[in-house]
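Colleague: Quick paste of what TrEMBL says about this protein:
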ACT_SITE  D32  active site, nucleophile
ACT_SITE  D34  active site, proton donor
BINDING   D32, D34, D203  Mg(2+) binding site
BINDING   D43, D123  substrate binding site
Amino acid sequence: MRRCCEGVGLPCLFKGVGMASPRPPRFLLVFDFDETIINENSDDSIVRAAPGQALPEQIRQTFREGFYNEYMQRVLAYMGDQGVKMGDFKTVYENIPLSPGMPDLFQFLSKNHELFEIILISDANMFGIECSLRAAGFYSLFRKVFSNPSGFDKRGYFTLGPYHSHKCLDCPANMCKRKILTEYLAERAQEEVEFERVFYVGDGANDFCPSVTLTSADVAFPRKGYPMHRMTQEMEKKQPGAFQAAVVPWESAAEVARHLQELLKKKC
């Protein structure tokens, strides 16, 4: 695989990367990226590379709910017109801070890597995710990354595409994380890899959709006070018991690490 952050390969387009584990792990850990692994929305962050670190009003007014991917395509075209290059975007992505406690969680997972298969499902883009995770030193933790394909065309413009099409009415037009997770679990089952438990760490409304499919053996880790957390609370009020997974809200990802550590102690 060509590494977009480490050299200029034009055009380049990424859509999922990964390496196989040497032996089947016991648990699947699923991460979101924006405002979960990192402490910002990376689509907002890259505007720091635009002239004046702002977008013109005529671009901002084109946003439509559920079509954020198409909106970002227009944002990136504008930034390309303004002369923003790959190195400018790379610098922004590499300097986005991780969320509180995330290094602690990643260190814990590094020490227990044989027990966890780790994937990332994000409505950001492949280039930005890879830049951020490589800069933080944690890219190798992930078996696979699912995100919108991105790259740089012959003009040097940053390009973005939709991940897939789907029929889910609750998710953005370009990505349903439930569909991705369901298909991934089915694919791993065909490869004779089945997990004792699934853990899902996220923050947004598009993380709530896949978390609804989790079973009573699984754990959802919604970021406290964010949409995923509020939606789990609302579902519990309206339909008690409908949300089957245990819910463990977090403010620091170190809380996720502690919960997983306690779980491992009980299993031993």
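Glycine is no exception: its Cβ is also placed from the backbone N, Cα and C atoms.
Computed from a predicted structure; not experimentally measured.
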Colleague: Using the Cβ centroid of D32, D34, D203 as the reference point for the Mg(2+) site, which residues of the same chain not in that list have Cβ within 8 Å?
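Modeller: So the extra residues in range turn out to be F33, E35, T36, I37, S122, G202, G204, D207, R223, Y226.
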Colleague: Does D32 (active site, nucleophile) have same-chain partners at least 6 apart in sequence with Cβ under 8 Å from its own Cβ, and which are they?
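Modeller: Set apart from D32 (active site, nucleophile) by at least 6 residues yet with Cβ under 8 Å, we have L120, I121, S122, V201, G202, D203, G204, D207.
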Colleague: Which of these binding-site residues has the least crowded Cβ, counting other Cβ atoms within 10 Å: D43, D123, D203?
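Modeller: Counting other Cβ atoms within 10 Å of each of the binding-site residues D43, D123, D203 gives the minimum at D43.
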Colleague: For D34 (active site, proton donor), what residues in its own chain, 6 or more apart in sequence, show a Cβ-Cβ distance under 8 Å?
Modeller: E40, N41, S42, D43, S122, D123, A124, D203, G204
